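What TrEMBL annotates here:
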- 9-23: compositional bias 'Basic and acidic residues' (COMPBIAS)
- 9-54: region 'Disordered' (REGION)
- 27-40: compositional bias 'Acidic residues' (COMPBIAS)
- 41-50: compositional bias 'Low complexity' (COMPBIAS)
- 90-274: domain 'DH' (DOMAIN)
- 306-418: domain 'PH' (DOMAIN)
- 429-490: domain 'SH3' (DOMAIN)
Amino acid sequence: LGLLYQEYRDKSTREEIETRRLQDSQTDPEESSPSEETPSEAEPSSITESKAPPQISLLRNSNSRFNLWQDLPEIRSSGILSILQPDEIKLQEAMFELVTSEASYYKSLNLLVSHFMENERLKKILHQSEAHILFSNVLDVMAVSERFLLDLEQRVEENIVISDVCDIVYQHTVNHFSVYITYVSNQTYQERAYKQLLQDKPAFREVISQLELDPKCKGLSFSSFLILPFQRITRLKLLVQNILKKVEEKSDRETTALDAHKELETVVKACNEGVRKMSRTEQMISIQKKLEFKIKSVPIISHSRWLLKQGELQQMNGPKTSRTLRTKKLFREIYLFLFNDLLVICRQIPGDKYQVFDSAPRGLLRVEELEDQGQSLANVFILRLLENADDREASYMLKASSQSEMKRWMISLAPNRRTKFVSFTSRLVDCPQIQCVHPYVAQQPDELSLELADVLNILDKTDDGWIFGERLHDQERGWFPSSMGEEILNPKIRAQNLKECFRVHKSDDSQRRKLGSRNRQ
């Protein structure tokens, strides 16, 4: 708790990575990870009811070191560790981490407000409107965190063994966590305003640099404090997932954890949509201005449409050109805009404009990879439009710049086709998995941003270093460099990861049937 949340979170995820590495290196993961099928709850609760609960003052001491629940002097001196089953101790640790991480998060939020937002020099530099965009409703977020933390602290101090925390998470998510949606939805404006202020106001840049150098910030940047609420609401969902994996099946605690997880997932999705909505709208307006239609015009801007992928490909000239020809002149450049419901095929023309000569609904696209027929036809695939702009079937032979670019286009154009390792409709298949050991920020719409310790199913991979994966905790899909992760080699660990994933989502059967939901697509 002496750590700022950024440090706490980094330490926690690094430990998670190392634990998974250790498990993966063992021949039998169950040797170090006792079965979670039948943890005992009744025995310890009946024993501890008669004990006077000790005052655990850890949460009120901001200088306390990073602790496990079982390391607390109050726990060690109570003798409870010799009574509890190993699975119950793991559950206690998972609940305790949720509480202590909230305390660390609140500490960081408090620093954002007291050290940055309320700094007198900064106040004089910023207009009221600039300050509002930059800090948004962070005071509301901090007030919600404080109220949440107080309820969690009270629960921890009720009994030496924590009864539950997910009921508190549920109540606060339903009644108070909408402030996160407001804050996170402002992120696009916030990032833009911050960059603009750094560029236009040297005094702002100077004050921020000086404030960042203060020992209180521990070398962390101002921007790392601004993104805290989005990181926290996402992490909170993962912490509840971790509790859910450890509670006894068909118990009241499982029901409560499932309810809390479902509500948190709703908030996280709303946050994600809030972030995407503004950038998508601006992007669609920009694309609309660049298109000139040679065919019947198609309205591009729609509240339910967004860009999935855009880029240049080479089209083979002539509808009946022999595949055996080997000259580069066979190909000419075309440009594709692929939206979630529509494909627009263009040629680039002067003035940064694009002339549209064909289009088709995305659901009426089919792709087929060509077998290697020499260097000039490497990375070539067939794109079929079952019904194009002229209401007829059309085919295009297209060449990509690399194997990864070809596969990325094929999966984006026809997302329901089978991948290398697993069918999109299959569930209980042991496909390869990877653990993220380096964070990654998506550079293209079809890429997936990764956080440390994310675990993903590998759905496809290329020879030039790209992986198409599905993250287990939220089923988001996308491409990322293979160098960002380490493959999980132990089949028992992979099976355990899948089992836990299905359990987390079992409260929504329809979601489970659609495991692999393509929200990004």
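Backbone N, Cα and C atoms are what each Cβ position is placed from, and that goes for glycine too.
Taking H, G and I as helix, E and B as strand and the rest as coil, DSSP gives the domain 'SH3' (429-490) the counts 3 helix, 29 strand, 30 coil. The DSSP breakdown of the domain 'PH' (306-418) into helical (H, G, I), extended (E, B) and coil residues amounts to 20 helix, 53 strand, 40 coil. Broken down by DSSP into helix, strand and coil, the compositional bias 'Basic and acidic residues' (9-23) contains 15 helix, 0 strand, 0 coil.
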